[in-house]
Amino acid sequence: MSFLRFVGAILFLVAIFGASNAQLSATFYDTTCPNVTSIVRGVMDQRQRTDARAGAKIIRLHFHDCFVNGCDGSILLDTDGTQTEKDAPANVGAGGFDIVDDIKTALENVCPGVVSCADILALASEIGVVLAKGPSWQVLFGRKDSLTANRSGANSDIPSPFETLAVMIPQFTNKGMDLTDLVALSGAHTFGRARCGTFEQRLFNFNGSGNPDLTVDATFLQTLQGICPQGGNNGNTFTNLDISTPNDFDNDYFTNLQSNQGLLQTDQELFSTSGSATIAIVNRYAGSQTQFFDDFVSSMIKLGNISPLTGTNGQIRTDCKRVN
(Lines of atoms letter the chains of each structure in order from A and count residues from 1; the text may use other names and numbers.)
(Lines give C-alpha, C1' and ligand atoms only; values in the text may rest on other atoms or scores of the structure.)
Protein backbone atom coordinates (compact mmCIF):
# COMPACT_ATOMS: atom_id res chain seq x y z
CA MET A 1 0.00 0.00 0.00
CA SER A 2 1.46 3.43 -0.90
CA PHE A 3 2.29 5.65 2.10
CA LEU A 4 -0.07 8.44 1.08
CA ARG A 5 -2.97 6.03 0.55
CA PHE A 6 -2.24 4.42 3.92
CA VAL A 7 -2.19 7.77 5.70
CA GLY A 8 -5.34 8.80 3.85
CA ALA A 9 -7.12 5.65 4.96
CA ILE A 10 -6.14 6.22 8.60
CA LEU A 11 -7.22 9.87 8.56
CA PHE A 12 -10.49 8.87 6.93
CA LEU A 13 -11.22 6.33 9.65
CA VAL A 14 -10.45 8.79 12.43
CA ALA A 15 -12.41 11.66 10.92
CA ILE A 16 -15.46 9.76 9.75
CA PHE A 17 -15.97 7.02 12.28
CA GLY A 18 -14.48 8.42 15.47
CA ALA A 19 -15.07 6.53 18.69
CA SER A 20 -17.37 3.85 17.29
CA ASN A 21 -14.75 2.67 14.81
CA ALA A 22 -12.10 2.62 17.52
CA GLN A 23 -13.93 -0.39 18.93
CA LEU A 24 -13.09 -2.44 15.82
CA SER A 25 -9.98 -4.54 16.25
CA ALA A 26 -8.07 -7.29 14.47
CA THR A 27 -7.85 -9.10 17.83
CA PHE A 28 -11.53 -8.76 18.75
CA TYR A 29 -12.16 -12.54 18.68
CA ASP A 30 -8.76 -13.69 19.93
CA THR A 31 -10.16 -15.01 23.21
CA THR A 32 -13.84 -15.57 22.37
CA CYS A 33 -13.42 -17.32 18.99
CA PRO A 34 -9.70 -17.69 18.19
CA ASN A 35 -10.33 -19.98 15.20
CA VAL A 36 -12.76 -17.63 13.45
CA THR A 37 -10.50 -17.07 10.44
CA SER A 38 -9.70 -20.75 9.87
CA ILE A 39 -13.37 -21.71 10.23
CA VAL A 40 -14.50 -19.12 7.68
CA ARG A 41 -11.64 -20.02 5.35
CA GLY A 42 -12.60 -23.69 5.51
CA VAL A 43 -16.16 -23.00 4.41
CA MET A 44 -15.12 -20.52 1.72
CA ASP A 45 -12.49 -22.88 0.33
CA GLN A 46 -15.03 -25.69 0.10
CA ARG A 47 -17.62 -23.49 -1.60
CA GLN A 48 -15.08 -21.94 -3.97
CA ARG A 49 -14.13 -25.40 -5.21
CA THR A 50 -17.68 -26.03 -6.43
CA ASP A 51 -18.65 -22.45 -7.29
CA ALA A 52 -16.00 -20.17 -8.75
CA ARG A 53 -18.36 -17.24 -8.15
CA ALA A 54 -18.46 -17.74 -4.36
CA GLY A 55 -16.00 -14.97 -3.54
CA ALA A 56 -17.61 -12.54 -5.96
CA LYS A 57 -21.03 -13.22 -4.46
CA ILE A 58 -19.81 -12.52 -0.94
CA ILE A 59 -17.94 -9.32 -1.75
CA ARG A 60 -21.02 -7.98 -3.54
CA LEU A 61 -23.09 -8.66 -0.42
CA HIS A 62 -20.49 -6.90 1.73
CA PHE A 63 -20.38 -3.85 -0.54
CA HIS A 64 -24.17 -3.58 -0.80
CA ASP A 65 -24.50 -4.09 2.94
CA CYS A 66 -22.03 -1.35 3.85
CA PHE A 67 -23.54 1.19 1.44
CA VAL A 68 -26.92 1.01 3.22
CA ASN A 69 -26.82 2.21 6.84
CA GLY A 70 -23.25 0.95 7.20
CA CYS A 71 -21.74 -2.52 7.62
CA ASP A 72 -24.44 -4.06 9.80
CA GLY A 73 -25.53 -7.28 8.08
CA SER A 74 -28.91 -5.77 7.20
CA ILE A 75 -28.79 -7.11 3.64
CA LEU A 76 -29.01 -10.65 5.03
CA LEU A 77 -32.37 -10.23 6.77
CA ASP A 78 -35.41 -12.06 5.41
CA THR A 79 -38.81 -10.39 5.44
CA ASP A 80 -40.68 -10.27 8.73
CA GLY A 81 -43.76 -8.59 7.31
CA THR A 82 -41.84 -5.59 6.00
CA GLN A 83 -39.82 -5.27 2.82
CA THR A 84 -36.15 -6.14 3.13
CA GLU A 85 -33.05 -5.00 1.31
CA LYS A 86 -33.07 -8.34 -0.48
CA ASP A 87 -36.24 -7.18 -2.27
CA ALA A 88 -34.63 -4.00 -3.62
CA PRO A 89 -33.99 -3.83 -7.39
CA ALA A 90 -30.28 -3.20 -6.72
CA ASN A 91 -30.06 -6.62 -5.06
CA VAL A 92 -31.91 -8.61 -7.71
CA GLY A 93 -29.81 -11.65 -8.52
CA ALA A 94 -27.60 -11.26 -5.44
CA GLY A 95 -26.28 -14.61 -4.30
CA GLY A 96 -24.16 -16.04 -1.55
CA PHE A 97 -26.76 -15.97 1.21
CA ASP A 98 -26.49 -19.74 1.54
CA ILE A 99 -22.71 -19.42 1.89
CA VAL A 100 -23.17 -16.98 4.76
CA ASP A 101 -25.61 -19.42 6.38
CA ASP A 102 -23.05 -22.23 6.10
CA ILE A 103 -20.36 -20.05 7.67
CA LYS A 104 -22.68 -18.97 10.46
CA THR A 105 -23.63 -22.57 11.23
CA ALA A 106 -19.97 -23.59 11.38
CA LEU A 107 -19.17 -20.72 13.74
CA GLU A 108 -22.20 -21.31 15.96
CA ASN A 109 -21.09 -24.92 16.41
CA VAL A 110 -17.79 -23.72 17.87
CA CYS A 111 -18.39 -20.19 19.17
CA PRO A 112 -22.14 -19.79 19.75
CA GLY A 113 -23.45 -16.23 19.83
CA VAL A 114 -20.04 -14.65 19.32
CA VAL A 115 -19.31 -13.74 15.68
CA SER A 116 -21.63 -11.25 13.98
CA CYS A 117 -23.01 -11.66 10.49
CA ALA A 118 -21.56 -8.27 9.55
CA ASP A 119 -18.09 -9.50 10.52
CA ILE A 120 -18.67 -12.71 8.56
CA LEU A 121 -19.23 -10.65 5.39
CA ALA A 122 -16.07 -8.62 6.00
CA LEU A 123 -13.86 -11.65 6.66
CA ALA A 124 -15.35 -13.89 3.97
CA SER A 125 -14.82 -11.10 1.41
CA GLU A 126 -11.11 -10.96 2.18
CA ILE A 127 -10.80 -14.74 2.07
CA GLY A 128 -12.73 -14.93 -1.21
CA VAL A 129 -10.35 -12.45 -2.82
CA VAL A 130 -7.30 -14.36 -1.57
CA LEU A 131 -8.68 -17.67 -2.85
CA ALA A 132 -9.05 -16.04 -6.27
CA LYS A 133 -5.33 -15.09 -6.25
CA GLY A 134 -5.93 -11.55 -5.05
CA PRO A 135 -4.39 -9.52 -2.21
CA SER A 136 -4.79 -10.10 1.51
CA TRP A 137 -5.44 -7.54 4.23
CA GLN A 138 -6.01 -7.41 7.97
CA VAL A 139 -9.74 -7.49 8.67
CA LEU A 140 -10.99 -5.57 11.69
CA PHE A 141 -13.75 -7.09 13.81
CA GLY A 142 -16.33 -5.98 16.33
CA ARG A 143 -19.31 -5.02 14.18
CA LYS A 144 -22.77 -5.81 15.50
CA ASP A 145 -25.81 -6.82 13.46
CA SER A 146 -28.75 -4.51 12.84
CA LEU A 147 -32.30 -5.16 14.01
CA THR A 148 -33.88 -3.77 10.84
CA ALA A 149 -33.29 -3.47 7.10
CA ASN A 150 -33.66 -0.40 4.88
CA ARG A 151 -35.15 -1.14 1.46
CA SER A 152 -35.51 2.52 0.50
CA GLY A 153 -31.85 3.04 1.33
CA ALA A 154 -30.90 0.12 -0.88
CA ASN A 155 -32.86 1.70 -3.73
CA SER A 156 -31.18 5.08 -3.36
CA ASP A 157 -27.65 4.35 -2.14
CA ILE A 158 -26.48 1.28 -4.08
CA PRO A 159 -25.22 2.11 -7.59
CA SER A 160 -27.22 0.34 -10.28
CA PRO A 161 -25.46 -1.13 -13.33
CA PHE A 162 -27.12 1.51 -15.52
CA GLU A 163 -25.65 4.60 -13.82
CA THR A 164 -23.52 7.29 -15.37
CA LEU A 165 -20.30 8.28 -13.68
CA ALA A 166 -21.92 11.60 -12.72
CA VAL A 167 -24.48 9.68 -10.66
CA MET A 168 -22.00 7.23 -9.14
CA ILE A 169 -19.55 9.81 -7.83
CA PRO A 170 -21.90 11.35 -5.23
CA GLN A 171 -23.07 7.89 -4.20
CA PHE A 172 -19.48 7.20 -3.19
CA THR A 173 -18.61 10.61 -1.76
CA ASN A 174 -21.70 10.42 0.43
CA LYS A 175 -20.04 7.40 2.07
CA GLY A 176 -16.71 9.16 2.49
CA MET A 177 -15.21 7.46 -0.57
CA ASP A 178 -13.21 9.22 -3.29
CA LEU A 179 -12.58 8.58 -6.99
CA THR A 180 -9.72 6.19 -6.26
CA ASP A 181 -12.02 4.15 -4.04
CA LEU A 182 -14.69 4.12 -6.74
CA VAL A 183 -12.32 2.78 -9.39
CA ALA A 184 -10.48 0.39 -7.06
CA LEU A 185 -13.67 -1.16 -5.68
CA SER A 186 -15.11 -1.43 -9.20
CA GLY A 187 -12.09 -3.63 -9.85
CA ALA A 188 -13.85 -6.34 -7.85
CA HIS A 189 -15.64 -6.98 -11.14
CA THR A 190 -12.48 -8.79 -12.17
CA PHE A 191 -14.30 -11.94 -11.05
CA GLY A 192 -17.92 -12.99 -10.96
CA ARG A 193 -20.72 -12.83 -13.49
CA ALA A 194 -23.71 -10.68 -14.37
CA ARG A 195 -27.18 -11.38 -15.74
CA CYS A 196 -28.13 -10.26 -19.23
CA GLY A 197 -30.65 -7.86 -17.72
CA THR A 198 -27.87 -5.80 -16.18
CA PHE A 199 -26.26 -4.90 -19.50
CA GLU A 200 -28.46 -5.89 -22.46
CA GLN A 201 -29.77 -2.32 -22.83
CA ARG A 202 -26.26 -1.52 -24.09
CA LEU A 203 -26.54 -4.12 -26.84
CA PHE A 204 -29.60 -3.00 -28.78
CA ASN A 205 -31.31 0.17 -27.54
CA PHE A 206 -28.95 2.23 -25.42
CA ASN A 207 -30.75 5.10 -23.70
CA GLY A 208 -33.69 4.67 -26.08
CA SER A 209 -31.56 5.44 -29.14
CA GLY A 210 -32.49 2.26 -31.00
CA ASN A 211 -28.78 1.53 -31.35
CA PRO A 212 -26.10 -0.17 -29.24
CA ASP A 213 -23.86 1.72 -26.85
CA LEU A 214 -21.10 3.13 -29.04
CA THR A 215 -18.52 2.57 -26.31
CA VAL A 216 -18.82 -1.23 -26.67
CA ASP A 217 -16.09 -2.85 -28.78
CA ALA A 218 -17.63 -4.19 -32.00
CA THR A 219 -16.40 -7.77 -31.62
CA PHE A 220 -17.33 -7.82 -27.94
CA LEU A 221 -20.77 -6.48 -28.89
CA GLN A 222 -21.37 -9.36 -31.30
CA THR A 223 -20.33 -11.86 -28.66
CA LEU A 224 -22.70 -10.38 -26.09
CA GLN A 225 -25.57 -10.18 -28.58
CA GLY A 226 -25.11 -13.90 -29.16
CA ILE A 227 -25.23 -14.61 -25.44
CA CYS A 228 -28.21 -12.32 -24.81
CA PRO A 229 -30.23 -12.20 -28.06
CA GLN A 230 -32.76 -9.41 -28.46
CA GLY A 231 -36.20 -10.58 -27.41
CA GLY A 232 -34.76 -13.80 -26.01
CA ASN A 233 -35.61 -15.42 -22.71
CA ASN A 234 -32.44 -14.18 -21.04
CA GLY A 235 -33.59 -13.85 -17.44
CA ASN A 236 -31.32 -16.56 -16.07
CA THR A 237 -28.45 -16.15 -18.52
CA PHE A 238 -25.14 -15.01 -17.04
CA THR A 239 -21.83 -14.04 -18.57
CA ASN A 240 -18.44 -13.20 -17.10
CA LEU A 241 -17.68 -9.68 -15.92
CA ASP A 242 -14.05 -10.20 -16.97
CA ILE A 243 -13.83 -11.92 -20.35
CA SER A 244 -10.13 -12.76 -20.13
CA THR A 245 -9.57 -14.25 -16.64
CA PRO A 246 -13.09 -14.58 -15.22
CA ASN A 247 -12.24 -16.47 -12.04
CA ASP A 248 -8.98 -14.74 -11.11
CA PHE A 249 -8.64 -11.58 -9.07
CA ASP A 250 -6.21 -9.56 -11.19
CA ASN A 251 -5.99 -6.28 -13.12
CA ASP A 252 -7.38 -7.60 -16.41
CA TYR A 253 -10.66 -5.81 -15.66
CA PHE A 254 -8.86 -2.53 -16.33
CA THR A 255 -7.15 -3.64 -19.53
CA ASN A 256 -10.59 -4.75 -20.70
CA LEU A 257 -11.90 -1.22 -20.10
CA GLN A 258 -9.06 0.16 -22.22
CA SER A 259 -10.29 -2.11 -25.03
CA ASN A 260 -13.93 -1.02 -24.56
CA GLN A 261 -14.79 -4.45 -23.19
CA GLY A 262 -16.33 -3.46 -19.88
CA LEU A 263 -19.52 -5.44 -19.40
CA LEU A 264 -21.69 -3.05 -17.39
CA GLN A 265 -22.33 0.58 -18.23
CA THR A 266 -20.92 1.50 -14.82
CA ASP A 267 -17.72 -0.36 -15.72
CA GLN A 268 -17.05 1.28 -19.07
CA GLU A 269 -18.04 4.74 -17.78
CA LEU A 270 -14.82 4.73 -15.75
CA PHE A 271 -12.74 4.84 -18.94
CA SER A 272 -15.09 6.23 -21.59
CA THR A 273 -16.38 9.33 -19.79
CA SER A 274 -14.55 12.13 -21.58
CA GLY A 275 -12.30 14.22 -19.37
CA SER A 276 -12.88 12.17 -16.24
CA ALA A 277 -10.09 11.79 -13.71
CA THR A 278 -11.02 8.10 -13.48
CA ILE A 279 -9.37 7.46 -16.86
CA ALA A 280 -5.90 8.03 -15.42
CA ILE A 281 -6.69 5.71 -12.51
CA VAL A 282 -7.85 2.97 -14.89
CA ASN A 283 -4.65 3.38 -16.91
CA ARG A 284 -2.55 3.21 -13.74
CA TYR A 285 -4.19 -0.02 -12.62
CA ALA A 286 -4.01 -1.54 -16.10
CA GLY A 287 -0.27 -0.89 -16.05
CA SER A 288 0.38 -2.07 -12.50
CA GLN A 289 -1.43 -4.90 -10.76
CA THR A 290 0.56 -4.08 -7.62
CA GLN A 291 -0.84 -0.54 -7.59
CA PHE A 292 -4.36 -1.87 -8.05
CA PHE A 293 -3.94 -4.39 -5.25
CA ASP A 294 -2.52 -1.76 -2.89
CA ASP A 295 -5.36 0.68 -3.51
CA PHE A 296 -7.99 -2.05 -3.44
CA VAL A 297 -6.84 -3.12 0.02
CA SER A 298 -6.99 0.47 1.26
CA SER A 299 -10.47 0.92 -0.20
CA MET A 300 -11.75 -2.35 1.25
CA ILE A 301 -10.59 -1.27 4.70
CA LYS A 302 -12.49 2.00 4.28
CA LEU A 303 -15.55 0.17 2.99
CA GLY A 304 -15.57 -2.24 5.92
CA ASN A 305 -15.52 0.64 8.38
CA ILE A 306 -18.54 2.57 7.13
CA SER A 307 -20.75 3.33 10.15
CA PRO A 308 -20.46 0.02 12.02
CA LEU A 309 -22.71 -0.80 14.94
CA THR A 310 -20.44 -1.46 17.91
CA GLY A 311 -20.50 -1.77 21.67
CA THR A 312 -24.05 -1.99 23.02
CA ASN A 313 -25.62 -1.14 19.66
CA GLY A 314 -27.16 -3.94 17.61
CA GLN A 315 -26.85 -7.64 18.39
CA ILE A 316 -25.06 -10.84 17.40
CA ARG A 317 -27.62 -12.72 15.34
CA THR A 318 -27.57 -16.47 15.83
CA ASP A 319 -29.23 -16.80 12.41
CA CYS A 320 -28.15 -14.20 9.87
CA LYS A 321 -31.56 -14.27 8.17
CA ARG A 322 -33.50 -13.01 11.20
CA VAL A 323 -33.11 -11.01 14.38
CA ASN A 324 -32.86 -12.90 17.65
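Backbone N, Cα and C define each Cβ position, glycine as well.
What you see is a predicted model, and the numbers here were worked out from it, not measured in a lab.
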Pick from Cys33, Cys66, Cys196, Cys228: the cysteine that Swiss-Prot pairs with Cys111 in a disulfide bond.
Cys33
Given that Swiss-Prot annotates Asp242, Thr245, Asp250 as binding Ca(2+) 2, state which candidate in Thr190, Thr198, Thr290, Thr310 belongs to that site as well.
Thr190
Ca(2+) 2 site shell beyond Thr190, Asp242, Thr245, Asp250, criterion: Cβ within 8 Å of Cβ centroid:
Phe191, Ser244, Pro246, Asn247, Asp248, Phe249, Asn251, Asp252, Tyr253
Counting other Cβ atoms within 10 Å of each Cβ, which of the binding-site residues Asp65, Asp72, Asp242, Asp250 scores lowest?
Asp250
Residues that sit under 8 angstroms from Cys33 (disulfide bond) by C-beta distance, when 6+ apart in the chain:
Leu107, Val110, Cys111, Val114, Val115
Between Asp250 (Ca(2+) 2 binding site) and His189 (heme b binding site), what is the CA-CA distance rounded to a whole number of Å?
10
So what sits near His64 (active site, proton acceptor) in its own chain, CB-to-CB under 8 Å and at least six residues off in sequence?
Ile75, Glu85, Ala90, Asn91, Ala94, Ala154, Ile158
